[in-house]
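> I grabbed these lines from Swiss-Prot:
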DOMAIN    5-101  domain 'Ig-like 1'
DOMAIN    108-202  domain 'Ig-like 2'
DOMAIN    213-305  domain 'Ig-like 3'
DOMAIN    315-415  domain 'Ig-like 4'
CARBOHYD  166  N-linked glycosylation site
CARBOHYD  200  N-linked glycosylation site
CARBOHYD  245  N-linked glycosylation site
CARBOHYD  275  N-linked glycosylation site
CARBOHYD  374  N-linked glycosylation site
CARBOHYD  411  N-linked glycosylation site
CARBOHYD  415  N-linked glycosylation site
CARBOHYD  425  N-linked glycosylation site
């Protein structure tokens, strides 16, 4: 057989650092034949000999091999140096620089809103809501100032929530009416990735219009599209006035929808959802969210539809077994599911053990990343399992859903005696099983 060169991928942990302050790097060598001689690491030009794990080779279905290595190193040891992975076979040498992958930084949009003067008078307190929208990464710090001085009470900041890969949060300040109408200036400060944004509001100001409502439409999840007969579209209307009406249409045909969240004393947002058939969504039909109110000259409309996919590529799925030395020496083991070569980027990964769903808290999926050709994507999932469960012969399956897969779902199953993973197309009966485990 003709020798095949190794294709190298650089990987890094989902979090910027582990709990002990260390960083985890991964080197994945794929599609090579015959076997490689070694995988080594270097910091600049100096060899690294500690903190390494070398995993066994896996023979792929097409006769080539996959092998990986993991490096654990502290942030101070890395410093400003470059980390390289080197793969050698005879006189052939392949080198990959492992780049930092903290992800794109998306600064938040910060919006400050207040309760009406009528509400303040009747309730005897004012509510100010600081909305922090669409930021990445997750870590933020929210603080409040009163006439430029830090406040240590009177406000509550909600936990962040994730929507489509970015994060949002709110912080609510409650002020007695007497203080609010005393010409005091309140400031919401949001610190994110070394940048601080400030928004001010003055208590004596008479509330007035703060602009038209803003509409944001959210598509259904890929898991819902692949596994369910109906899917849910979501319309988020921020800056919504009291008494706003939100409705849905398909072209000009009205649809039955539900209001999930109404505007109240601590929010100016309305969330409306509508359930449609999966077939209608896949057809590319246009769906409209319509916002109307007596203060709007004409209703506001926003539309959403499934984008046409011109480059459909089926994913290649492989599972990397734990190293033999870990099986006998560690209390917990890791299984890695690599999914690559797919397009479009929408995909989901789950794990099952003995055909039962694994708690999502036991595994982590990376962000979807572009491959070298920028036309296909890859993602990997790391499952943590107890060594005694692995030793008992339990079967673990990486379940992958993508629209390019003929039956929409495939899995790869391994156990301690399987030697090498088996590739399985899930039957329609198993689809029902997976769906029932949502």
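The first residue you see is number 1, and the count goes up from there.
Each residue, glycine too, has its Cβ placed from N, Cα and C.
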> Taking only the Cα atoms, work out how far residue 411 (N-linked glycosylation site) lies from residue 245 (N-linked glycosylation site), in Å, as a whole number.
44
> Tell me, if you would, which residue among 200, 245, 374, 415 (glycosylation sites) has the fewest other CB atoms within 10 Å in the structure shown?
374
> Any idea which of the glycosylation sites 166, 411 has the thinnest Cβ neighbourhood at 10 Å?
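Counting other Cβ atoms within 10 Å of each of the glycosylation sites 166, 411 gives the minimum at 166.
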> Compare the C-alpha of residue 166 (N-linked glycosylation site) with the C-alpha of each of the glycosylation sites 200, 245, 275, 374, 415, and give the closest one.
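Comparing Cα positions, the closest of these glycosylation sites turns out to be 374.
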> Name the one residue among 200, 245, 374, 415 whose Cα is closest in three-dimensional space to that of residue 275 (N-linked glycosylation site); these are the glycosylation sites.
245
> Quick check for the class: what is the C-alpha distance, in angstrom and rounded, between residue 200 (N-linked glycosylation site) and residue 245 (N-linked glycosylation site)?
29
> Express the distance between the Cα positions of residue 374 (N-linked glycosylation site) and residue 415 (N-linked glycosylation site) as a whole number of Å.
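Counting only the Cα atoms, the answer is 34 Å.
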> Quick one: pull the CA-CA distance for residue 415 (N-linked glycosylation site) versus residue 245 (N-linked glycosylation site), whole Å only.
55
